[in-house]
Amino acid sequence: MIKIVIIDDEENILNIVENIVKKAMENKIEIYTYLSVKKFWTDFEEKMDFDIVISDVEMPEIGGIELGKRIKGKKSDIYLIYLTSYSMYAVQSYEIEAYQYILKENMQYRLPIVLSSLINKFEKDKDKFRFIGSPMNKEKIYYKEIIYMCKEKTSKYVRFVTTRGIYKERITLTQIIKELGSAEFLLTERGYVVNVNHLDGIKENLITMDNGEQIIISRSNLKRVKEQINLYRGRL
C-alpha cells in the first residue's frame, strides 16, 4: 500500500486536498494528514516509510521547501509535491528535486493527474529488480535501490553502489545497460552509469548523487547528459 502524507496548516485546505486524493486514488493508498510540521516530523523520524509527501509551501513552523530538504536528507527516494498560491517558489522546489509544483488554483485538476502518474510509476518499479553478485552469492536488488554503477579500473568487475551497500559482479557495463533496459539509467561518462532518480544536482561538470558522491562529466558529454536527464524527467 502506498503511503501519502498531506501537510497544511489550514484545516479547510487540508480537508479539500484529502478529499481530492481520496477521490482520485480510491483504495490504492493510505493517507496521513498533518496540520503541524513538528508532529509530521516526529512520525517521519520514527517510521520513515512514507512514499509521497504533499505539502503547502508557506507554513508557520517551517516552510515547505526547507522541510523538503530535511526529508530528502533522510529519505532520498520520497516524492515531494508542493501546493501553493504563489508561482515564485517553483525554482526552489525544483532545486531540491520536487516531483511536482502545483498552484492551488489548479489542484482540483492537476493533483489527480500527477498522483495517477506516480501510482503507475510505483506499480512499474515494484517489479523491477536484478540479482547481483557471484554465482554462489547473489543478492536481489531493486532498480530503485541502485545509485550508480562503475567499471573497476584494475579488474573486470562492475561495482554497484546501492542504498543498501556496495556489490560487485564480473560483467561489462555494456551488458548491464542492455539487461536493465531502463530509461532511468544513464551513461554519463565512460565507465559510469547513474540512476537519474538518485541525482541530487549538476554543477559545472560535476554530478552529485543523493549519497553525497560526485561524478565528473567531461565537457564534451555535458550537454548530452543534461538533455537525456530532462528527456527522462519529461516522460514521468
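Placement of Cβ uses the backbone N, Cα and C atoms for every residue, glycine included.
Fair warning: this is a prediction, and the values are worked out from it, not measured in the lab.
Taken from TrEMBL, the feature domain 'Response regulatory' applies to 3-119.
The domain 'HTH LytTR-type' feature in TrEMBL is assigned to 139-231.
Long-range Cβ neighbours of D56 (4-aspartylphosphate) (same chain, at least 6 residues apart, Cβ-Cβ under 8 Å): I7, D8, D9, E10, I13, G64, Y82, L83, T84. According to DSSP, D56 (4-aspartylphosphate) is assigned to a strand segment. Per TrEMBL, 4-aspartylphosphate is recorded for D56.
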Model confidence over the domain 'HTH LytTR-type' (139-231) (mean pLDDT, whole number) = 87
